[in-house]
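Sequence annotations record features per position, and here TrEMBL assigns Fe cation 1 binding site to E124, E162, H165, E248. Summarising the annotation, TrEMBL assigns Fe cation 2 binding site to E162, E215, E248, H251.
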Amino acid sequence: MQTLVFSTTNPSAWNTHGYTIKNPPKSTAVFRRLPNVSAVASPPALRTLPPEKVQIFKSLESWATQNVLPLLKPVEKSWQPTEFLPNPAQNFDDFTKEVHALRHRTSDLPDEFLVVLVGDMITEEALPTYQSMINRLDGVKDETGACTSPWAIWTRAWTAEENRHGDLLKTYLYLSGRVDMTMIDKTIQYLLSSGMNTGTNRNPYFGFVYTSFQERATFVSHGNTARLAKERGDPVLAKICGSIASDEKRHESAYSRIVEKLVEVDPSGAMLAIGEMMRMKITMPAHLMYDGQDPNLFAHFSAVAQRLGVYTAGDYADILEFLIQRWRLEKLEGLTDDARRAQEFVCGLAPRMRRLQEKADERAKKLRTTTGVKFSWIFNKELYL
Ligand SMILES: [Fe+2]
Ligand SMILES: [Fe+2]
């Protein structure tokens, strides 16, 4: 569910779902359509970190240098988008042959698959929003923009690695001719203008729980698009999605290693943060997606991803269970009362989510045959959800 609230066009509030009001006072006014993110309800004490907790991150700097930075890949050992794309530096005939081959491989990809791939690519393209989120976190932000703390080094190099994902998928889709690039570019511009609200605020405990979850979610989803691309006869696209998935896996290892360390040095603080993030639910990074036409674009894209099995509610529960095991949360002892309650909540959450999902699936099945939605990304072709 989304909520409509009123705001003026101050740049930070400028929103893309904008229903413009005529003759507003001084500046254009818009209705903002905000997602129902419960982050706003999170206790104020959890939104920022007290100084002694900020100090934890300072004291972990040499640990981060030894344990987090090695999970980055040097530029010279990284793949680059050009390796997967027609080479424009060769003679024109050979270049066009490679473009033809790409268009041939992608000609039979189903529309549903393209919608999911486009949605994933657009999510990657909103990278500036994610770097900004990490650089809001107390104790780990890149204070100068070229800071030498391991946290800042990680964030910049992580961004640089991630930047290849959207670039490659976007160019590949552009050359395929199967998708409406103008509508895709508009969606990216809208999404970057909207930002995201994940509820992590300035709290790095929240931030790293969120990124652990998200990197695993993208690993799962790119892994599934790789499998589908292979099944549908495009081995190059399968390799592309697989290479992206393997970056996401490495990033997941780094972020979940940081949370593992927080669980070790501050078990109650970490457990409370994990509990709070799960109570708020992990908001998907592109939840404010909009193309200028469909106010429920993200929900519709998610429904197609769910139907294709690229990213499902079951995956959400699987990721949660994976992280509970990864951080050995069930075995944590000596917690404060609050943290123990958070532990009980988190460790019992996945089965409850699965039960709710079964009911939601039943409802979705009944709707499936009757609901068709047009996707601007594929030239307004209609898909059944
Ligand atoms: Fe990515
Ligand atoms: Fe990622």
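Each residue, glycine too, has its Cβ placed from N, Cα and C.
Recorded features from TrEMBL, shown on the structure.
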residue: E124; record: Fe cation 1 binding site; CB count, 10 Å: 24
residue: E162; record: Fe cation 1 binding site; CB count, 10 Å: 20
residue: H165; record: Fe cation 1 binding site; CB count, 10 Å: 25
residue: E215; record: Fe cation 2 binding site; CB count, 10 Å: 23
residue: E248; record: Fe cation 1 binding site; CB count, 10 Å: 22
residue: H251; record: Fe cation 2 binding site; CB count, 10 Å: 23
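E248 are the binding-site residues among E124, H165, E248 whose C-beta comes within less than 6 Å of an atom of ligand 2, given in sequence order. Candidate binding-site residues: E124, E162, H165. Nearest to H251 (Fe cation 2 binding site) by Cα distance: E162. Listed binding-site residues: E162, H165, E215, H251. Those with a CB atom under 6 Å from ligand 1: E162, H165. Note: the Cα of H165 (Fe cation 1 binding site) and the Cα of E215 (Fe cation 2 binding site) are spaced 13 Å from each other.
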